[in-house]
């Protein structure tokens, strides 16, 4: 990894007489592996006084109750503090470097008289742009109270999402709170992980500070990611079709591969690899072309409608773990008249000999995600050359006349003269005849 940043939990909690362990993750570079690791506490003056370091130093106040274990091959070191005291509460740094102002990450340690009300802390690791599954505690299987996910901070627990429909702006389309299982447990699924997602969270039911919200989760998002960047948006046209690839771990043995439609932290099943298709999508959606070796499967959507616009999730389930990814579909109206999407069929690209109609397949390929927009059939009377910036398109009739012989340019002048000649030829004999008749009559 090229990144040299450190990452770790920003908050720790413990109780008097108990212990805490903090893990600090760093990029595995030669300098980081062999440089000094330290743990220091920030005083009121702003100076960070060393508590322990890999040079062998340990402060007198913490002698016998603090340890630091460095594991360079994994890019992590762990600090354990035991026999906690109330005055151990404060802001600490875990870092790398010859001074305590070098590479570091700060965190807050809170020591309470009784920390049992905060519940056990679970450490969950995730990769940048990857996904995680967090199993939330058992609850009432018949409870109709909202399920939630919030992030712990200095001012309490900030709500991220709940089953009442709330989803934070930065989590739109990428968090799903599952329905309760038979045991009452439920899961939080998050994908497209970002660095800023690292931190301490709480999940539960009812009120944020209620008795059923004691589970605390430390989420660590590592910058070293095996997940490539993939497009988050696809475009389709009313009446057309598109296809895209869903990705999962090729080494995984999944019991179910599915597609669901995301809305307000929920995801309604649409189709799966076993042949299930939601009634409203019969004949319009299917999962095919599964490639286990590459860890992909293809989703095809046909006869697109305006209401199909929105977020969709790909998922692969293995026990309680689910690997997910999300994509947002945008539907555009056709510029010209098109078949009714309710009754139209997918049109294959063909070459037409008639200039009055042509078919253009809109197909795109993007690394990690391939999709094909449905064929759009447009009607027109004449095919005009495309205009380029700074130029104009000349009507076909004008082009024809300018490219004709010079005789065609004389036509506007000769034609009126010819008409005048014919008029004179007819009129003069008629007038002469009338004059003769008058003279004879006299």
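Note that Cβ sites are derived from N, Cα and C of the backbone, with glycine treated the same way.
From the options 387-409, 410-432, the stretch TrEMBL describes as transmembrane segment is 410-432. Region 'Disordered' is the annotation TrEMBL gives to one range among 310-334, 335-359, and that range is 335-359. TrEMBL lists region 'Disordered' at one of the ranges 363-383, 384-404, namely 384-404. Each residue of the domain 'Immunoglobulin' (121-222) gets a DSSP state, and the totals for helix, strand and coil are 6 helix, 50 strand, 46 coil.
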